[in-house]
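A quick write-up on the structure given underneath.
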Amino acid sequence: MAVLKVKFTKTKRDKLAQILWILNWVSVVSGVILFSLGLFLKIEIKKRSEVMAKGDISSVPNMLISVGVIACIINFLGGKICYDCSDANKFSRWKLVMLPYIVCTFCFTFCILVGALMCYTMKNELEESLYLGLRDAIKFYKDTDIPGRCFLKKTVDMLQIGFRCCGNNGFRDWFEIQWVSARYLNMASKEVLDRLKSNVDGKFLVDGVPFSCCNPSSPRPCIQYQLTNNSAHYNYDFLTEELNIWMKGCREALLDYYTAIMRSIGIAALFIWLFELSVLIGVRYLQTAMKNVLLLGDLEGESDGWLLENSFVETAKYNISVIKNLGKANQISTVSGMNDPNIDIQNTNCGKTNITTKSIPAA
């Protein structure tokens, strides 16, 4: 029994073909939107690739870009097919193409759904990439004279100013590394030498942060050095006073930024998937309705259209049996005692049961 069978008249078939022709052109625009969203996300990730570890975070924008390009091609072809389906004579040349086209379009719409879901599932990969990338960027913050790292100080400073953040997880990350270059340390100073000697690795560690961590909106001048020393500043209590530096870590700030972008892209991709799925259903109805018109031979009469010719269970069983039989085409019977592939073939005598033989006369 057919699933969701609908009866179509000649007028309804023509209107359906015209509507689908328009919707396919709208789908071309949706493909451009998907391509643009993927390209935008790729550019945003590329902007801050210096503070991200290499990983699979580019898989989502690449997926959206690919799906967007394929959407433009498939829907352009679908518009041409639907336009010709308004004429039964023109439909005959697309008759053998439409079913493979519907199958390919179904797989394509599934890719859109996968791309939309990936926007919500890549948060863990993005967080790990940001954590490792920011850790290395802060570690090499002081290396302004080393090729390949000299840009990291500017990158980190602009990041902390732009996103109002400090450090990787927080401002205390700067306490654990030497972020002041050795060329700016006064080696004749006893305080500097004592700090270098007090550290096992010989690093100059201070309880301070770079200037880019300062909050310009704070009424008090920025305290970026000796943050934990109450006696170093007038009327200052580290434990109770609200510090005038950014408290949020840059990993959290960037993660919130990219999560908001991917959430919006995921919602847009889900709407596009629903739209593409509705167009695909309409094309399926048009294909089955036009096919039944040709079978009936009455181009002006009514015809049935459906999503599936049989029930879901019967269709699934049929497809499974087809897949199973694909590998049996070249197999040879392996029944014990029957190694000859032709052993089961029975000989026939063409209906003659009694055949008289003529004896050869003796010389």
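The backbone N, Cα and C atoms fix where each Cβ goes, and this holds for glycine too.
The transmembrane segment feature in TrEMBL is assigned to 20-40 (among others). For the transmembrane segment (20-40), the residues of the chain that approach it from at least six positions outside its boundaries are 60-72, 75-76, 78-79, 82-83, 85, 112, 115, 265, 268-269, 272, 275-276, 278-279, 282-283, 286, judged by C-beta separation under 8 angstroms.
The transmembrane segment annotation in TrEMBL covers 60-78 (among others). Residues 20, 24-25, 27-28, 30-39, 41-42, 45, 101, 104-105, 108, 111-112, 114-115, 118-119, 122, 262, 265, 269, 276, 279, 283 of the same chain lie 6 or more positions beyond the ends of the transmembrane segment (60-78) yet place their CB under 8 Å from a CB of it.
Here TrEMBL flags 98-120 (among others) as transmembrane segment.
For 265-286 (among others), the entry in TrEMBL reads transmembrane segment. With a threshold of 8 Å between CB atoms, the same-chain residues lying at least 6 positions outside the transmembrane segment (265-286) that come near it are 6, 8, 13, 16-17, 19-20, 23-24, 26-27, 30, 33-34, 37, 41, 64, 71, 75, 78, 81-82, 85, 98, 101-102, 105-106, 108-109, 112-113, 115-117, 119-120, 305-307.
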